[in-house]
C-alpha cells in the first residue's frame, strides 16, 4: 500500500509534453524517465507542476518520435501474485505418473517500504494456507514399473489389479467341444500313428473331442464335404460309416444312439419266407379286399339312388305338363262361352 501512496520514481509525473503530445497524455501514457534524462543531458527530469499551473514544456525536437519515449501503465506487479508457486515441467515421458519431490518455491524477501499489499493479498488468496499445492508428477515407464513392483515410490499410482495375461492366438478352425471317456481315447490313439494327444487324454478323466468346421454329408447327397458353423448339429451318418467304427460306437455308450440305430430298433426284420409273414400278408390282402368291396357297394347304392331320383323327376315333369294343358283348355273354354251363360253361371 505504501508503494501506491508514496510515489515511486518510476511512476513520478513527468513534465507536460508539447501540444503535439497532449492527446497521448489524455490516454494515460507516460514518458520514460531514462529517455527524458538523456534528453536533458544526463540530469534527472524535473518534477511536473500541478495541472492548474502550466509550466514550461520541452521542445518537440528534443524528444524525437512518439513511439520511442512512451509506454502504458504496467499493472502486472499488482495483478500477478509474487508468491504463486510455479510447477516444473515433467522430466520423463512415459505411461504412468510418479510423484517427484517438489522443491519449495523461493519467496522473495519483501522490505517494509516497498511491500505490495495487493501482491500479498493475491498470494494469500491463490497460494496461501487455504489452497493446497497441486501434486507434481513425473513419468515412469511400464517396464521399470513391472521390474520394481515391490519397491514403488510412496506416491506412485500402483495398479489396483494385475494386468490380464495376453489372449491366446485364435484357432484356425472352429471347434465344437465334446467330451469322451479317456480310456476310449487311449484305445483309439494306441493304434493310430503319432500318439501326441494321448498324453493329454491320460491327464484328464475325459478327453476333449473337437468336431471340425466341416462334416460328412450323407451318402444320398451329391457332395463329400460341406462347411457348417459350430452351432449346427453334425450330419446324419450313413450305415456304412456306422458299421466302419463299431469300437468307437461302443466307447460312446453314454451318448445318444445314432438315428440309423433307432430306425433299426423300430422296424423288425422278418423273413419273407416264414409263415408269420405269409399270414400277415393274407390278412392285409383280406382287409384291402373288404375295403374295396365296401367302396363298390357305396358306389352302386349311390348310382341306384341317382336313377330313382331321375325317374321321379321325369314323372313330376310329366304331371306338370298335363296340368298346364288342362289349365290352357279351361281358359279357352271360358273365352268361347257367351256372356248370358256366364252371367247365369255367376248367379248359380
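The backbone N, Cα and C atoms fix where each Cβ goes, glycine too.
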For which of the residue intervals 196-203, 204-211, 300-307, 308-315 does Swiss-Prot record region 'Leucine-zipper'?
300-307
Kindly point out the range from 158-178, 326-346 that Swiss-Prot annotates with region 'Disordered'.
158-178
Looking at the ranges 116-124, 125-133, 134-142, 143-151, which is given as motif '9aaTAD' in Swiss-Prot?
116-124
What is the Cβ neighbour count of residue 269 (phosphothreonine) at a 10 Å cut-off, with all protein chains included?
5
